[in-house]
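Per TrEMBL, the features are as follows:
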- 1-20: signal peptide (SIGNAL)
- 44-94: region 'Disordered' (REGION)
- 47-60: compositional bias 'Basic and acidic residues' (COMPBIAS)
- 107-142: domain 'FCS-type' (DOMAIN)
- 203-307: repeat 'MBT' (REPEAT)
- 315-411: repeat 'MBT' (REPEAT)
- 413-518: repeat 'MBT' (REPEAT)
- 526-622: repeat 'MBT' (REPEAT)
- 622-652: region 'Disordered' (REGION)
- 624-635: compositional bias 'Low complexity' (COMPBIAS)
- 636-652: compositional bias 'Basic residues' (COMPBIAS)
- 668-690: region 'Disordered' (REGION)
- 671-682: compositional bias 'Polar residues' (COMPBIAS)
Amino acid sequence: MKLLLFLLTLTSGFNTSSNALSTSRLGTVLGVRSLQRVPRWKRVRRTEHSSRSERKRRDSFGMFDGYDSCSEDTSSSSSSEESEEEVAPLPSNLPIIKNNGQVYTYPDGKSGMATCEMCGMVGVRDAFYSKTKRFCSVSCSRSYSSNSKKASILARLQGKPPTKKAKVLQKQPLVAKLAAYAQYQATLQNQAKTKAAVSMEGFSWGNYINSNSFIAAPVTCFKHAPMGTCWGDISENVRLEVPNTDCSLPTKVFWIAGIVKLAGYNALLRYEGFENDSGLDFWCNICGSDIHPVGWCAASGKPLVPPRTIQHKYTNWKAFLVKRLTGAKTLPPDFSQKVSESMQYPFKPCMRVEVVDKRHLCRTRVAVVESVIGGRLRLVYEESEDRTDDFWCHMHSPLIHHIGWSRSIGHRFKRSDITKKQDGHFDTPPHLFAKVKEVDQSGEWFKEGMKLEAIDPLNLSTICVATIRKVLADGFLMIGIDGSEAADGSDWFCYHATSPSIFPVGFCEINMIELTPPRGYTKLPFKWFDYLRETGSIAAPVKLFNKDVPNHGFRVGMKLEAVDLMEPRLICVATVTRIIHRLLRIHFDGWEEEYDQWVDCESPDLYPVGWCQLTGYQLQPPASQSSRENQSASSKQKKKAKSQQYKGHKKMTTLQLKEELLDGEDYNFLQGASDQESNGSANFYIKQEP
């Protein structure tokens, strides 16, 4: 969308239905009230009170008017100075920023945190109530308005009782909350350090992409990720207001920059005025708290200051910006609000769910949500006393279900030894889980013993010969991998009939994918017709499989962040190396191909570049040579037998099959040619003649 300026209070008569920005309107937004106004240094100094009022009115337009205007903004009024004296000092390790009476605390040293002026609650600034982000809720905002003296609020923030006129609920003192929050952040950092498989030191997505000319998958490819469905027209040349780091002023100032290159949530930005000079280009996350649409500074009273490197280039920066920005594009005015809303997740800690048992894939167990990060859930199995027996998955994963799901469809379920819910734990509402497509099982349907091809859940780099072992209700099937099944069926895996991880007989052959035959099968090269005849089996009808292929937008070579599903707590730097209709081959950068995974294009385990930075999740960079050698040596010492735990890489030697067409006498092709990298909806399956 074109540049939208939403400052209705500053620009009366602005037509919001128009996307184009005229020169006169830009002048208003950028503070150009009168280009011939008298410079500040020539103005007659008024009384202190009137001077402050006039300065506050002038600077509300936010346009750069010399470095002296910035220095004036840093001076605080007498009322704010008095307020600062009344607030008790906080611990030195909990820095505080105060601005015009508002207290914003940053216990973790990062921006984006705010403290409610009413109750002292510490939280994410974007999640706070009202445009000023001063209160954590509507009730706190109303309570604040009812207080006649600001000193009462400040006294309460110190932990002192409020005055008689301040009707405020007694809550935990601010210092105690900050200390608790700091301790919580330290705990999370320690956990991340102990669990990190590969050091993140020195890795930068921006440098990685720039140095290798990589292309990242666009955010619109990930519907489940924040802003995945409302990324809009964010593209190159979009203008933003960002912090000006090429400045020696003691306070934070902003300048306008344009997007040079997009990589997921990350953008390579160039300050306005540098033209073709890339010397100060920098990468940042567009969804960060310091990125704003053009016009935000004017609305917030923040100064626009050109970078020091190019300050000498123009004498009239206002005219320069008006010329450059007229008709340009910027972020939607509600962009930050949409980002905040898209990062609100319905799953909460202490919710109970049913999830696959990672040690016995054929059954589910009860687990409790321990934490939620970016929609990803850390689930702790309910019987884990030390809370270390955990499992990571996305809230839209097909591996989790509501309590009672297993019984309703006839799935195996491990009963918990805990006969009573623990205090605070409660069942997750069924409507929060991903819905599966309804199917009609009354007509021709899957039957036990039918053969098909399926992604091995214990070795996601392979597609194997498989058999339907049990037909459940609501379209669910229990699948076993031929030649490697446990005698008790403990490694059967539950797939829905519409799952993108199961395929009809011949799918791999026609799409030139290596099919893994049953372990111990010696009649090679493997041919389905011979195998079906030898085992006395029939192939599952092709028409029963999911053949929908969305226009997902992925292309070979695109970079992204992907979950290592064999170690699902890890998210790694990855690349799309093959595309077969809706099936993606994901390669983890720096690792051998045997660690690759076949993943559906709509999998909730794929994320845009910058997702980990946005959500605060640990990203695993490409493995170094030493890391790969250590991993390979460790893997060779393991037994070759198939692990029944849904965790850890399983290295298995696969048979190399020759690529040859199937005999025309035995098979009938539904379509003769196959686009190996197709993103269309054509069906490239084969079926056995009766």
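Note: Cβ is positioned from N, Cα and C throughout, glycine not excepted.
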Checklist line | Integer mean pLDDT for the domain 'FCS-type' (107-142) | finding: 65
Margin query: Does the structure show the repeat 'MBT' (203-307) and the repeat 'MBT' (526-622) touching, where I'm treating 3 or more Cβ pairs under 8 angstroms (sequence separation 6 or more) as a contact?
Written below: yes
Note to self: Looking only at the repeat 'MBT' (413-518), how are its residues distributed among DSSP helix, strand and coil?
What the structure shows: 10 helix, 36 strand, 60 coil
Next item on the list: Taking helix as H, G and I and strand as E and B in DSSP, count the residues of the repeat 'MBT' (526-622) in helix, strand and coil.
Entry: 19 helix, 31 strand, 47 coil
Next item on the list: For the repeat 'MBT' (203-307), jot down how many residues DSSP puts in helix, in strand and in coil.
Entry: 16 helix, 29 strand, 60 coil
